[in-house]
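**Student:** These came from TrEMBL, pasted as-is:
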type: ACT_SITE; residues: H97; note: active site, proton donor
type: BINDING; residues: W31, S65, F66, E67, S89, V90, I91, Y122; note: 5-amino-6-(D-ribitylamino)uracil binding site
type: BINDING; residues: E94, T95, R136; note: (2S)-2-hydroxy-3-oxobutyl phosphate binding site
Amino acid sequence: MATALHNLSDYDLSKIPDASNMCFGIVVAEWNPDITGALLDGAMGTLEKHGTLPENIHVRTVPGSFELVYGARQMVLHGGYDAVIILGSVIRGETPHFDYICQGVTYGISRLNATQEIPVIYGLLTTNDLQQAKDRSGGSLGNKGDECAIVAIKMAKF
Ligand code: DLZ
């Protein structure tokens, strides 16, 4: 969670491995497309900034965040990537779907990380309202997509 003390796009440049020989898969949810599009821009821009070739970043979309686990699993099993990033935005609103979706995605991605060989990076924004999502997708608190790209590079190196 971004806080007043931590901007999601801030990191220590000296600690980031060179990513020029790395290959990444990104799976993006179509719900809240303005938010997930901004997360994707951030992730791709940061991967490229650290040397990843655009042709080595493969993006697939899924209808909603709940489908991110399936998408990530397919990429992990069949993609040959150094790491896979999931990007989604779940906004609480008035529906109990929020809790079910967040729990399902969190559990599913944790399970992939515990059982598979390739790291899956958790770029799911879970916010109370649209403004909080905007703040974390290129707004006042930075971009979760940037943070996920940095984590993906570090975990690929790991
Ligand atoms: C159904 C639903 C709702 C209510 N809210 C969101 C949301 O805020 N963000 C999101 O990515 N997806 C949402 N979905 C769709 C579910 O993730 C999923 O696509 C459907 O339940 C079908 O499995």
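Each Cβ is built from the backbone N, Cα and C atoms, and glycine gets one as well.
TrEMBL does not curate its annotations; it predicts them automatically.
Small disclaimer: the values here were computed from a predicted structure and weren't measured.
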**Student:** Measuring Cα to Cα, how far is S65 (5-amino-6-(D-ribitylamino)uracil binding site) from the residue listed as 'active site, proton donor' in Å?
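**Tutor:** Pair distance, Cα basis, whole Å: 11 Å.
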**Student:** Please tell me which one of the recorded positions listed here (T95, H97, R136) sits closest to E67 (5-amino-6-(D-ribitylamino)uracil binding site), measuring Cα to Cα?
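**Tutor:** Ranked by Cα distance from E67 (5-amino-6-(D-ribitylamino)uracil binding site), first place goes to H97.
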**Student:** Can you tell me which of the binding-site residues F66, S89, Y122 is spatially closest to R136 ((2S)-2-hydroxy-3-oxobutyl phosphate binding site)? Compare CA atoms only.
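**Tutor:** Smallest Cα separation from R136 ((2S)-2-hydroxy-3-oxobutyl phosphate binding site) among F66, S89, Y122: S89.
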**Student:** Give the maximum pairwise CA distance in Å, whole number, for the residues W31, S65, F66, E67, S89, V90, I91, Y122 listed as binding 5-amino-6-(D-ribitylamino)uracil.
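**Tutor:** Across W31, S65, F66, E67, S89, V90, I91, Y122, the two farthest Cα atoms sit 16 Å apart.
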**Student:** Around W31 (5-amino-6-(D-ribitylamino)uracil binding site), how many other CB atoms lie within 10 A of its CB?
**Tutor:** 17
**Student:** Name the secondary structure element type, per DSSP in three states, that contains W31 (5-amino-6-(D-ribitylamino)uracil binding site).
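**Tutor:** Assignment for W31 (5-amino-6-(D-ribitylamino)uracil binding site) reads coil.
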**Student:** Could you list the residues of the same chain, at least six apart in sequence, whose Cβ is under 8 A from the Cβ of S89 (5-amino-6-(D-ribitylamino)uracil binding site)?
**Tutor:** A29, W31, N32, I35, T36, L39, S65, L124, L125, T127, A133, S137
**Student:** Near the Cβ of H97 (active site, proton donor), how many other Cβ atoms are there if near means within 10 Å?
**Tutor:** 14
**Student:** Using the alpha carbons only, what distance in Å do you get between the residue listed as 'active site, proton donor' and V90 (5-amino-6-(D-ribitylamino)uracil binding site) once rounded?
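**Tutor:** If we compare the Cα positions of the residue listed as 'active site, proton donor' and V90 (5-amino-6-(D-ribitylamino)uracil binding site), the gap is 9 Å.
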**Student:** Just counting, how many other CB atoms are there within 10 A of the CB of E67 (5-amino-6-(D-ribitylamino)uracil binding site)?
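**Tutor:** Its Cβ shell of radius 10 Å holds 20 other Cβ atoms.
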